[in-house]
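Peer 1: Just passing along the structure, written as structure tokens.
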Amino acid sequence: MKVSLLAVLLLSIVAATYGQGECGSNPCENGSVCRDGEGTYICECQMGYDGQNCDRFTGANCGYNIFESTGVIESPNYPANYNNRADCLYLVRIKGARVITFTIEDFATEIFKDAVEYGVGPVADFNQALATFEGNLTANNQVPPPFSVQGEQAWFIFSTDRNIPRKGFRITFSSDGDDCTPNPCLNGATCVDQVNDYQCICAPGFTGDNCETDIDECASAPCRNGGACVDQVNGYTCNCIPGFNGVNCENNINECASIPCLNGGICVDGINQFACTCLPGYTGILCETDINECASSPCQNGGSCTDAVNRYTCDCRAGFTGSNCETNINECASSPCLNGGSCLDGVDGYVCQCLPNYTGTHCEISLDACASLPCQNGGVCTNVGGDYVCECLPGYTGINCEIDINECASLPCQNGGECINGIAMYICQCRQGYAGVNCEEVGFCDLEGVWFNECNDQITIIKTSTGMMLGDHMTFTERELGVAAPTVMVGYPSNNYDFPSFGITVVRDNGRTTTSWTGQCHLCDGQEVLYTTWIESSMVSTCEEIKRANKVGQDKWTRYEQSFAPQPDA
């Protein structure tokens with residue numbers, strides 16, 4: 001088999017650049033495969049893992065992952081009955097997909113017991129499910145129409161109890177990506193994406209499915225009078241033979257059209273030539289020669305004469321003016337001498353005779369430089385030769401002591417204290433609970449503000465004038481996604497204590513879960529810390545599930561994000 005030099009070169013380029021894309025840093029974990037995209041990547045996880053980088057162990061005991069553009073999702077053993085106590089996870093990840101459409105072809109599960117939930121994104125979380133399906137939908141003619149999700153990633157969770165298994169479900173899917181990436185259209189064409197197809201809208205001058213063909217505008221022989229046609233993009237150019245011009249060489253050239261005759265001369269056109277009839281006062285082939293009126297040397301006092309048509313202009317030397325440069329200019333007319341100095345006029349110049357204690361070309365320099373009191377803000381002026389030096393009071397700087405030194409520039413106030421600049425001093429206005437010249441002394445623990453626990457969940461506490469504490473709560477996942485379930489937080493602290501105890505309750509998802517924290521605010525190694533005990537209560541549907549409805553645990557909250565501890569759901 002023969003391999004072209006171009007193919008070898010392309011393979012070399014691919015080999016040299018492989019691994020320099022988004023997958024170059026090997027972001028995918030736990031044996032997953034990284035698929036590079038334009039500015040992004042997608043991880044094809046091994047069974048039992050999900051998350052953007054396949055870094056989250058799901059604990060699923062059935063299901064599978066699909067990475068093709070079309071496929072089928074079926075319950076275990078389908079069409080035979082599925083197993084009891086199944087906990088299945090199906091990941092659908094299709095690189096480059098913009099829309100994934102799912103069609104339920106068959107569905108039969110035990111209603112209120114065995115449910116299928118689906119959602120989008122890298123993490124399968126039933127709290128983020130878009131819909132839930134359960135029951136014998138096929139037999140009851142309740143199969144929903146096809147539904148679609150945006151993006152490259154979707155997930156399905158199927159869980160069963162220990163009673164009455166059924167045959168389960170069969171769901172097919174297909175995806176539509178961006179068929180315009182990479183752009184197949186050539187020569188500046190615009191690509192319009194369609195469903196698993198594209199259309200090229202060609203730039204003027206091109207045709208073909210991919211606009212690969214340049215239209216030959218010379219095919220119609222547009223050039224006349226022997227002109228040679230040169231094809232261009234969306235146009236053509238005619239190279240005319242001598243004597244003709246125009247877009248199509250349709251015009252006989254008029255040699256007088258460029259108005260070659262100067263100074264009002266009249267042009268008479270000929271064949272490839274012309275002749276000029278000159279006005280009086282001009283001569284030459286193009287009437288280019290003017291009669292010289294400067295021949296009589298009319299300009300005086302060394303002025304330079306410039307000839308014009310039937311006239312002349314004198315360019316006078318410095319110090320003279322007039323039509324023929326006959327007048328000496330009086331440079332003292334503008335009174336240039338300052339501070340009472342006398343002006344003596346000369347030729348193109350003047351001399352100032354200064355009064356005592358003044359000097360300079362215009363008598364502008366006072367020999368007593370401190371006479372004008374240049375030093376500001378109490379600075380002391382000292383004459384130094386013809387200049388002065390200002391000795392500034394403490395707190396000021398600058399040539400004239402005009403700058404107030406900002407003692408707050410070094411940010412001396414600690415722990416959020418506000419710095420107020422003074423003259424050669426500063427004052428720190430400390431936040432409540434802090435003292436000292438620089439607010440360096442901590443006196444108590446303040447509940448108000450933002451706190452982070454070991455999982456980097458976040459609570460924000462606001463204390464009202466009545467003593468009640470309000471605020472909100474966001475999980476780390478919600479912070480990462482920028483979307484949070486609606487929450488209501490309320491609580492009360494113990495009053496008039498430096499290290500208060502407190503209790504707060506957060507209601508999430510319109511009452512679906514309620515979490516209560518109790519604890520006390522401490523100062524540990526100079527840092528504010530909340531140590532809390534929590535209990536979480538979740539709404540459930542059955543008596544069996546109520547055994548798992550309550551969870552308890554402990555949290556340590558700090559003012560800064562902490563290193564990750566194990567996640568509760570992992």
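Quick reminder: no glycine exception, Cβ is built from N, Cα and C everywhere.
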Peer 1: Quick one: Swiss-Prot says Cys180 makes a disulfide with which of Cys185, Cys191?
Peer 2: Cys191
Peer 1: Counting across all protein chains present, how many other Cβ atoms fall within 10 Å of the Cβ of Cys238 (disulfide bond)?
Peer 2: 21
Peer 1: Determine which residues of the chain contact the domain 'EGF-like 6' (328-364) at the Cβ level, with the cut-off under 8 Å and only residues 6 or more beyond its ends counted.
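Peer 2: That would be 317-321, 386.
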Peer 1: Are the domain 'CUB' (62-175) and the domain 'EGF-like 8' (404-440) close, by which I mean at least 3 Cβ pairs under 8 Å that are 6+ residues apart in sequence?
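Peer 2: No, the stretches stay apart by this measure.
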Peer 1: State the Cα to Cα distance, in Å, between Asn30 (N-linked glycosylation site) and Cys54 (disulfide bond), rounded to an integer.
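Peer 2: Given the Cα positions, Asn30 (N-linked glycosylation site) is 7 Å from Cys54 (disulfide bond).
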Peer 1: Could you measure between Cys238 (disulfide bond) and Cys249 (disulfide bond) for me? Cα positions, answer in whole angstrom.
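Peer 2: Here the two Cα atoms lie 7 Å apart.
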Peer 1: Would you mind checking how many other C-beta atoms are within 10 angstroms of the C-beta on Cys439 (disulfide bond)?
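Peer 2: By my count, 21.
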